[in-house]
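Enquirer: After the structure tokens below, expect a handful of questions from me.
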Amino acid sequence: VRSDSSDHRYKEGNLVPLYANKVGPFHNPSETYRYFDLPFCLPEDLKEKKEALGEVLNGDRLVSAPYKLEFQQDKDSVPVCKKKLKKEDVAKFRAAVRKDYYFQMYYDDLPIWGFIGKVDKDGKDPSDYKYYLYKHIHFDIYYNNDRVIEINVRTDPNALVDVTEDNEVEVEFLYTVKWKETNTPFEKRMDKYSQSSSLPHHLEIHWFSIINSCVTVLLLTGFLATILMRVLKNDFVKYAHDEEAAEDQEETGWKYIHGDVFRFPKYKSLFAAALGSGTQLFTLTVFIFILALVGVFYPYNRGALFTALVVIYALTSGIAGYTATSFYCQLEGSNWVRNLLLTGCLFCGPLFLTFCFLNTVAIVYNATAALPFGTIVVIVLIWTLVTSPLLVLGGIAGKNSKAEFQAPCRTTKYPREIPPLPWYRGTIPQMAMAGFLPFSAIYIELYYIFASVWGHRIYTIYSILFIVFIILLIVTAFITVALTYFQLAAEDHEWWWRSFLCGGSTGLFIYAYCLYYYYARSDMSGFMQTSFFFGYMACICYGFFLMLGTVGFRAALLFVRHIYRSIKCE
């Protein structure tokens, strides 16, 4: 069987591998259980399929299914098994039907789904509802020469078992197989799964949202560029005149805090660590996009995304170490080892704690999302043997880079007092202003991503997603630069942390959108699904916060260096 299943070529009468994967409530995509947690017919030899790391992380647990589908052999109403369902079995099936359970299988690596039963809502009152279990499955399989091209599953709406009452029931499970010939080539057999997301009306929405975002970006850029160019030009002219004029008048504006602008921020170790982590996550995102655009993540390439995330995150940790330590040393920090530890734990720490909690929940629920002990060991080994050494190597390289902090102006000995500012110049109002525009640029695309990660939609238009990502970066950079300028013009020279927080505030907006999505757009329910949704989304939004904060700060730093280089500092 191995040789057959690996090259997907079969002769007539060969057994084509059919694996049952999981069952679960349709509206709770994270809450999935093993197929045989429900009392279905067991096959004679129950074999578990060996799985890659990504598949396990994805919650796939493939076992051999009880149906025998030989290549090109039709079957009509063949019994799988006769089974006497005990009262507790009936109760299990009824609970599953009530929650809209679906099953998922893989036939020759093609995914198939079906519902396990249906609810008859004749009576108005929920106590009058009838619950039925499907007992007859129809497989329609299409083949081209010696290859399987397409498979569809139908459940016979007339062959039903009533599981409304707690009685013992005798059930005979049946299945029917029909083979038909098709001309579709083997290479194109996955296309039908990715078609759904690139249907014309979906694409129109995506393009509309992109053009919408582009217009926003252009207006914003134009607006900022004109303001900043004119204002800065006026500033430069004015300051040039000032130097010639008598210098006894009162100093105002951004030029007069030139002695404080490059005063290093408080908590510089944390600041450098956040920059390091943000740079690493940014690199990770770019690499994932490259893989997606090359076509690695086609639909139902089980767990490819998870594998890529784990591997690339482990390999890019050197970047985090290098960025954090070199920047920390530029800020004249002394304790670079503590800085490295902080960099290593800044993103991984919260992620690990969240994972521990959610994994415990999954174990209590006995769901497939609970990682087996072996997988956890593998992840810990990757962390200790790949991530940590690379982090340390990056840190040593960063410490030895001996780069000086390029400040065009000397810093005075004592900081200037910051004049009293109106409330809207505080950190929180500025963050709210900064996060709103970038969020509005990605808002429509977010819905589609959520529907595919936390639902059953398929998302394959990575090119559009990439354009949206670039727009997001541009808007974040510009808005941070603008806010930094206004802040400096108000003679508030503590712009380091402010620019980082303003850049990252989009992450908080995305988390607020999670709340909206959960209550308004999805039908998720139950403690497990809710905790998975909010727990993992918190980690993702925190990652976005670090990544966009880094982008915002880098943009602001370039801008500040540029304007202070243009004036003659004493």
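For all residues, glycine too, the Cβ spot is worked out from N, Cα and C.
Pulled these features from TrEMBL for this protein:
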| type | residues | note |
| --- | --- | --- |
| TRANSMEM | 205-228 | transmembrane segment |
| TRANSMEM | 270-298 | transmembrane segment |
| TRANSMEM | 304-328 | transmembrane segment |
| TRANSMEM | 340-365 | transmembrane segment |
| TRANSMEM | 371-393 | transmembrane segment |
| TRANSMEM | 431-450 | transmembrane segment |
| TRANSMEM | 462-488 | transmembrane segment |
| TRANSMEM | 500-520 | transmembrane segment |
| TRANSMEM | 532-560 | transmembrane segment |
Enquirer: With Cβ distances under 8 Å as the criterion, find the stretch in 205-228, 270-298, 340-365, 532-560 that has the most pairs with the transmembrane segment (371-393).
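Expert: The stretch with the most close Cβ contacts to the transmembrane segment (371-393) is 340-365.
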Enquirer: Honestly, do the transmembrane segment (532-560) and the transmembrane segment (340-365) touch, with at least three Cβ pairs under 8 Å and pairs 6 or more apart in sequence?
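Expert: Counting Cβ pairs under 8 Å (6 or more apart in sequence), the transmembrane segment (532-560) reaches the transmembrane segment (340-365), since there are 3 or more.
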Enquirer: Honestly, do the transmembrane segment (340-365) and the transmembrane segment (462-488) touch, with at least three Cβ pairs under 8 Å and pairs 6 or more apart in sequence?
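Expert: Between the transmembrane segment (340-365) and the transmembrane segment (462-488), contact is absent.
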